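A quick write-up on the structure given underneath.
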Amino acid sequence: MPILSNVRLITVFCLSSASQTLLPGSALVDAAATGQHLNHRIDGAPPTEVDVVVVGGGFSGLMSAYDLDQAGLKTVVLEAKEVIGGRSRSITRQSGPGIIELGATWINNITQPEVFALTEMFGLETAEQFTEGDSIVQGDDGRALRFPPGAPTDNETLAELEGLLYALIDEAAEEVDIHDFEFPAEKDVTLDQWVAQHNLWQHQHVRTMTSGLTTALLGREPHEIGAHYFLDYVKSGQGLVSLSSEGEFGAQSLKIKQGTTSIATNLADSLTLGSVRVDTPVSSVTQHNDTVLVTAETGETFRAKKVIIAIPTNTYSDVTFSPALPCDKTALASQTKPGIYAKLIINYAEPWWRNAGLAGKFTSAVGPVSFGWETSDLALSQYSLAIFVAGDKAARWHELPEGRKGDAIIEHLTSLVGDELADEARNVLELNYVEWTLEEYLWGAPTNSMGPGLLRKYGAVLREPFGDVHFGGGETAYEWKGYLEGAVTAGQRAAKEVIEALSTEGNE
């Protein structure tokens with residue numbers, strides 16, 4: 001009998017996959033969950049002639065639109081999907097009150113000031129990530145071991161190798177200038193080749209650790225990622241400790257109780273009536289003299305002075321640009337790699353891991369589970385684990401029959417926690433997931449990465465405007481690429497470019 005046959009509710013949430021449907025009762029977090037009224041922004045008739053068209057209604061595009069709107073510029077946001085928020089996906093829980101985060105989840109009030117400022121501006125509540133208790137780590141030998149905080153291994157040799165690898169990456173990342181794309185040729189190789197240059201790749205534990213890092217952060221394996229790009233990414237997130245930590249300065253420090261999508265809906269609600277359109281994929285962007293014509297697949301055309309492209313680089317090819325984008329920008333966009341990623345939220349009636357002295361933090365080198373954190377809200381009696389499936393593990397998991405995907409995760413979770421807790425791990429109340437790799441108009445998460453050679457050759461053109469077309473999106477962030485903070489700051493930068501350009505042109 002399938003493990004999940006007794007689950008009271010299973011919601012499979014993958015809007016773009018033809019083999020999956022949103023079951024009755026499931027709903028995106030919008031007015032019901034946040035108190036905002038997004039629909040009246042979307043349903044209003046958009047202006048045909050505007051100052052700026054923003055292509056993409058993720059955090060970056062919405063942030064650009066907000067800043068442009070505040071500057072008095074008439075703006076319309078065109079989002080291809082039926083929801084806004086990009087890789088944020090907050091839905092209402094069906095088995096009780098609370099929000100389920102199937103996309104971006106965490107922020108930091110110290111190291112990520114811009115996105116945190118938005119939570120304060122919109123009156124959203126944050127909660128610290130739970131960190132008390134032991135973690136479970138499964139090595140490539142299949143053994144699942146339990147460790148107290150700060151003790152990732154009891155093997156001195158393995159601990160030394162981990163220390164060497166982390167020090168190597170952090171020290172090299174610290175030397176990276178994230179604004180300069182010139183770097184030594186020795187770093188213009190894949191990450192595994194670069195680690196091998198430092199005589200560490202021959203150790204199986206190092207290979208396992210490196211794969212764990214790249215798949216968790218980028219959804220790709222070490223041989224797929226350029227060494228300098230990875231070091232640039234680590235530098236942009238203030239180092240490996242910051243990126244992997246739930247502590248005061250960690251990237252997993254705070255959760256938003258209303259869900260991260262509530263930031264997106266609040267931004268949209270702050271715009272002039274009729275400024276946001278969903279279900280409006282853009283098919284072409286045509287520049288002519290001082291005008292840009294943006295045509296949607298719906299047949300609608302929008303006339304603007306400027307356009308901001310705030311979609312993933314791997315989807316630039318979905319839009320016909322006339323004149324065509326410069327060769328360098330096209331070459332870069334055609335070679336960036338979206339992460340292979342899925343996220344599941346498993347809800348339980350009780351926080352059985354806490355009762356057993358566990359933090360709800362899991363890491364596995366075997367899979368299908370790659371890593372996980374608990375995401376409970378005790379005030380609402382919501383007890384949940386967030387499970388991530390990434391890289392090659394995700395590619396294999398995506399191939400499973402639909403009815404087996406949830407079972408495979410629960411089976412693996414029971415093996416991680418052991419026989420004593422297996423029954424409790426199987427007693428699932430509700431399971432939801434998004435296969436981000438299959439999400440139309442995104443095709444992966446948490447961001448796109450670059451192989452060797454791309455950053456050196458094309459890094460400078462990533463953010464470079466093309467005529468009256470400017471480029472935002474989280475990939476163009478200098479800091480916190482792949483995070484909400486990066487998306488927000490990239491949106492601010494793109495809006496600033498447009499505001500300054502229009503101001504200059506107006507004074508000529």
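Cβ atoms are placed via backbone N, Cα and C, with glycine included.
What TrEMBL says about this protein:
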BINDING   Ser60, Glu79, Ala80, Val282, Glu475  FAD binding site
BINDING   Phe388  substrate binding site
DOMAIN    59-499  domain 'Amine oxidase'
SIGNAL    1-18  signal peptide
Cα separation, Phe388 (substrate binding site) to Val282 (FAD binding site) (Å, whole number): 31
Under 8 Å by Cβ from Ser60 (FAD binding site), same chain, sequence gap 6 or more: Gly86, Ala310, Gly472, Gly473, Gly474, Thr476, Ala487, Val488, Ala490, Gly491, Ala494
Alpha-carbon distance [Phe388 (substrate binding site); Glu79 (FAD binding site)] in Å: 26
Alpha-carbon distance [the residue listed as 'substrate binding site'; Glu475 (FAD binding site)] in Å: 21
Between Phe388 (substrate binding site) and Ala80 (FAD binding site): CA-CA distance (Å): 25
Residues near Phe388 (substrate binding site) in space but at least six apart in sequence (CB under 8 A): Ala216, Tyr341, Ala342, Lys343, Leu344, Val369, Ser370, Phe371, Gly372
Glu475 (FAD binding site), number of other Cβ atoms within 10 Å: 27
Conformational class of Ala80 (FAD binding site) under the three-state DSSP mapping: coil
